[in-house]
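Copied over from TrEMBL:
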- 5-50: domain 'SpoVT-AbrB' (DOMAIN)
- 79-122: domain 'SpoVT-AbrB' (DOMAIN)
Amino acid sequence: MFAGRYEYAIDDKSRVSIPAKFREVLSTSYDMRLILTNLDGCIVGYPFQEWLLIQEKTSNPGAIKKEARAFLRYFYSGISECPIDRLGRILIPQALKSDAMIRKDVVIIGMGKKIEIWAQERWAELVKKATSDPDQVADIVSELGL
């Protein structure tokens with residue numbers, strides 16, 4: 001399982017290091033490939049095997065509502081298979097960087113079976129919004145059973 005938060009900088013060739021703990025999860029539970037796409041204002045990285053499960057769930061477009069199909073077009077249009085190089089880095093395609101408003105500094109977080117790569121500024125805004133109302137936070141914690 002991917003968990004934790006790490007801050008990195010993207011180099012001049014659009015490469016970013018994947019945290020060592022995440023690489024360990026990939027090497028023991030998956031293979032060393034990530035499928036990247038855009039979702040919720042960030043870049044999402046799915047291990048290849050998890051991506052195959054997503055493909056299976058979305059492979060029958062006739063059974064999916066029109067609005068969901070429109071979203072899937074966007075979701076699939078950004079897909080890029082990114083192997084991890086021998087130094088633990090991936091190359092982030094320019095289109096994905098642009099869509100996620102990533103310039104240089106990023107926050108990489110673990111979200112269970114996937115990772116997310118956020119522009120540092122967007123991550124700060126998300127955290128501020130998610131934690132600004134203590135009563136709402138308490139309700140969410142209770143709802144999730146934490």
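Using the three backbone atoms N, Cα and C, a Cβ is placed for every residue, glycine included.
The DSSP breakdown of the domain 'SpoVT-AbrB' (5-50), given as helix, strand and coil counts, is 13 helix, 21 strand, 12 coil.
Across the domain 'SpoVT-AbrB' (79-122), DSSP classifies residues as 9 helix, 20 strand, 15 coil. Taken together, the residues of the domain 'SpoVT-AbrB' (79-122) have an average pLDDT of 96.
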